[in-house]
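Student: Got a structure here, written out as structure tokens. Questions coming.
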Amino acid sequence: MRVLVVEDDDRVARGLLTALRHAGYEVHRVATAADALRAAPADVVLLDLGLPDGDGLDVLRELRHRPGTAVITVTARGEERERVLGLRAGADDYVVKPFGTSELLARIEAVLRRTRTHRAEPESEAPVQVGALELSPTTRAVTLAGEPLSLTRKEFDLLALLAARKGEVVSRDFIVDQVWQAHWEAPSRTLDTHIAALRGKLGGHVKIETVRGVGYRLAT
Ligand code: CA
């Protein structure tokens, strides 16, 4: 498993590299946003949002389009706004400096388990069809009325979850647990933001209904 550490602080980076290598990961470190985008693909990216040459959020927006790469943002204590923006932009999880090695390793294992589960054991191998929408859990390809539909990784996970249970109400808690992290204290607006984005992309073809106080349902 490859981990890319994007961290401009040498002292912090050294500690991370030692801990991650000790835990058996193949680790590569870069110190700038530009180098982060040029780096070889990794299974997990530990992304410091405060970088000298640009906004870590821009790096995140770029990385989330790479399938199979999970992103954990790293922020300083008090930077709650950055943390929330990171989650909205598609981060899989976050850690707050200063964090302990065991916490970090647990979070890395959790996001890896999640991305591997999504890749290796989709709920069903067969493409799911809902009206004009067709979605393939194995290739993660989505078409709407025959046209390819471009979704971020989180949008795909969310839509796949609803599509696998089309016509059923799926609770907000279950969605957050499946698509984000079970331990994540989700600002519920993050889920709303992703639902709104999906609705925009689905247009009038397929409807995601809000079931007030409970969750969402993909109308059939
Ligand atoms: Ca920094």
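Glycine is treated like the rest: Cβ placed from N, Cα and C.
Note: TrEMBL annotation is automatic and uncurated.
Below are the features listed in TrEMBL for this protein:
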type	residues	note
DOMAIN	2-112	domain 'Response regulatory'
MOD_RES	Asp48	4-aspartylphosphate
DOMAIN	125-220	domain 'OmpR/PhoB-type'
DNA_BIND	125-220	DNA-binding region
Student: How many helix, strand and coil residues does the DNA-binding region (125-220) contain under DSSP?
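Tutor: With helix first, then strand, then coil, the DNA-binding region (125-220) has 35 helix, 22 strand, 39 coil.
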Student: Across the domain 'Response regulatory' (2-112), what are the DSSP residue counts per state (helix, strand, coil)?
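Tutor: Split into helix, strand and coil, the domain 'Response regulatory' (2-112) gives 48 helix, 31 strand, 32 coil.
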Student: Counting only residues 6+ apart in the same chain, whose Cβ is under 8 Å from the Cβ of Asp48 (4-aspartylphosphate)?
Tutor: Val6, Glu7, Asp8, Asp9, Val12, Gly56, Thr73, Val74, Thr75
